[in-house]
Amino acid sequence: MVHYKVSYFPIRGAGEIARQILAYAGQDFEDNRIPKEEWPAVKPSTPFGQLPLLEVDGKVLAQSHAIARYLARQFGINGKCAWEEAQVNSVADQFKDYLNEVRPYFMVKMGFAEGDLDALAKDVFLPGFKKHYGFFANFLKSAGSGYLVGDSLTFVDLLVAQHTADLLAANAALLDEFPQFKAHQEKVHSNANIKKWLETRPVTPF
């Protein structure tokens, strides 16, 4: 039996997509949450000096989207054909661009940096959020299935639904302009295995 181990900090963050794919697949895995104080000792042993990591029977893979793509292919949620897979990857890459664009806001909001949160919300987060959720809305509309690509769940649905859930928890009014993503989040998180994971995973602030 294949042994999967996901190593990340004790938060959701970039490690959550791997956990959710494995949970969706009903696959047992080792959820290795590394405390901040232990990270300096672990860091030199990682391929790129960062987390998350996926270990598959001892073989190590780094980078969250590489991990997500590998697991999605293993468990059949990477699109039903080569074109769908490419579309899924394009949305995933754009989602990463979105997170990079709004990163200054979230770094201050989460207490990892100092800055004017109100100004960052107005000048960085809201423009980035509206722009990129507008892009993603076009994919939802084009698919016409309630999913972002094709007619079944893919790993980008997990990515976007988790982020939407986090935004709703922080400020439900944020999604008033994009009600289709409230419906999308509810659809994705109604999956029995995902629902079980969300109910039983460790409670973390982000």
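First residue shown is number 1, and so on along the chain.
Using N, Cα and C of the backbone, Cβ positions are placed for all residues, glycine too.
Tyr8 is the only one of Tyr4, Tyr8, Tyr98 that Swiss-Prot places in the glutathione site (with Trp39, Lys43, Gly49, Gln50, Leu51, Gln63, Ser64). Summary: among the binding-site residues (Tyr8, Trp39), the fewest other C-beta atoms within 10 A of the C-beta are counted at Trp39. Mean predicted confidence for the domain 'GST N-terminal' (2-79): the pLDDT average there is 98. Comparing Cβ neighbour counts within 10 Å across the binding-site residues Gln63, Ser64, the minimum falls on Gln63. Here the binding-site residues are Lys43, Gln50, Leu51, and the one with the most other Cβ atoms within 10 Å of its Cβ is Leu51.
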